[in-house]
Amino acid sequence: MNENIKLTEQEIIRREKLKKYEDLGVETFKKFDHEKINIYSNEINQKYSNLTKDELLEKQIKLIVAGRILTQRGPFIVIQDTNGKIQLYIDKKELEERKETLALLDIGDIIYVKGTLMKTMKGELTIKVNFFDLLTKGLTPLAEKYHGLVDVEERYRKRYLDLISNPNIKEIFWTRTKIISKIREFFDKQNFMEVETPMLHSILGGASARPFKTYHNSLSSSFNLRIATELPLKKLLVGGIDRVYEIGRIFRNEGIDTTHNPEFTSIEFYQAYSNLEIMMEQTENLIKFIAKELGLSKIKNHDVEIDLLADFKKINMVDAVSEATKVDFRNIDLNKAIEIAKSYKIKVEKYFKVGHIINELFELLIEKTLIQPTFVMGYPIEVSPLAACSKDKRFTERAELFINTKEYANMFTELNDPLDQRRRFEAQFEEKESGNEEASEIDEDFLNALEYGLPPAGGCGIGIDRLVMLLTQKESIREVILFPTLKKKQL
């Protein structure tokens, strides 16, 4: 044992019990070699809660369960399995030969139980135990019984304890699982193909973000962890897979806050022979489908109710900014735009053009007002290097979906002109040379793919973590990621 580890009194007592188990010939960390579990806690209540005490006595229902001990009170023990809690009744007279091992049980131990279902005088479903076995001895006590694990940072750092101590946490992640399942169902019904594309990219692309860098020893090559799945998915459109999607991890070497984690989960989907309007329709239908299927159509934002089944609004970015600033940003030169930006205390980078400033003003003035589901359309070309232009070439056929002031989806009519795409990449490269670390690089392989012909298409990316936040009404992305990225703990 590491002599630097200081044990608490309870931890010392539990380790002493290991020796007592050993003296009794009882293994404390077993392989599972028993008859299979035949029921879980939620099924017990669903199947048998309507039976009376006498009916249960007559039927003699035999159950096999396992779980972690949460409480011990006289002859009653409550264990927790994956779906909830089960009460056990132990008559020590009937388990005389196991009385010594029974006496060594602690809260946190994992046990295996066979028994007969009964009801107590209070009408609680309970398993009367006729066989039990210790499967795993808990050497460290669980969080304090009545308060659970309340330190927020510690909850994220020790999610395993959080799941044991706070039953509602597990519900969040069941909801997350259901949301992802419904996303797949939505696209599978439309004959989309789910694919997996590389996480190691030699060229950055598909988004504006700083990457995590790594190195492949055998290839003697530097790689980036992907910041988006867009470019490989569009190559698949070129290859004739007309409907494609990917659910996967994305990595961005950026700040951490309530809506950003360096690694997160997204879905990107692409559809040939479609456009921005179809992408907005698909996105709205997807969110409504999930909300309806999960019974989560009404979301509370403090005193405001957000109705996910109502028609989503549509606004134009430049019009919204013009209205908020009382300045016509469709007809403005760069010097005037810079002057206005500085009046709002916006830091103007040397590579900024009018489009950058429109986007900055939108983020400052408009985003915070978007509570009900709203598509914001008409993004400037400077911040949309992969989107097709609108009739006014300064803007693109791009939209983002905002709900409760946060961005949930980014979609556009895909740019399929390889010559224009090269010009956009070159403009991005100039921005990178001028200090924009998030600008895209020139991806020659992607440009080559476009030269073979990308059909007219629409594409969309949705942050799944934020969607889970919305539907579970959580304020922090850390609440919906099992193991969020945390600062190293100071010892």
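The backbone N, Cα and C atoms fix where each Cβ goes, and this holds for glycine too.
Residues within less than 8 Å, Cβ to Cβ, of Glu407 (Mg(2+) 1 binding site) and separated from it by at least 6 positions along the same chain comprise Glu367, Glu400, Leu401, Gly463, Arg466. DSSP gives Glu407 (Mg(2+) 1 binding site) a strand state. Per Swiss-Prot, the feature Mg(2+) 1 binding site maps to Glu400, Glu407; the stated evidence is sequence analysis.
Taken from Swiss-Prot, the feature Mg(2+) 2 binding site applies to Glu407.
Look at Glu400 (Mg(2+) 1 binding site): DSSP puts it in a strand.
Of all Cβ atoms in the shown protein chains, 21 besides its own fall within 10 Å of the Cβ of Glu400 (Mg(2+) 1 binding site).
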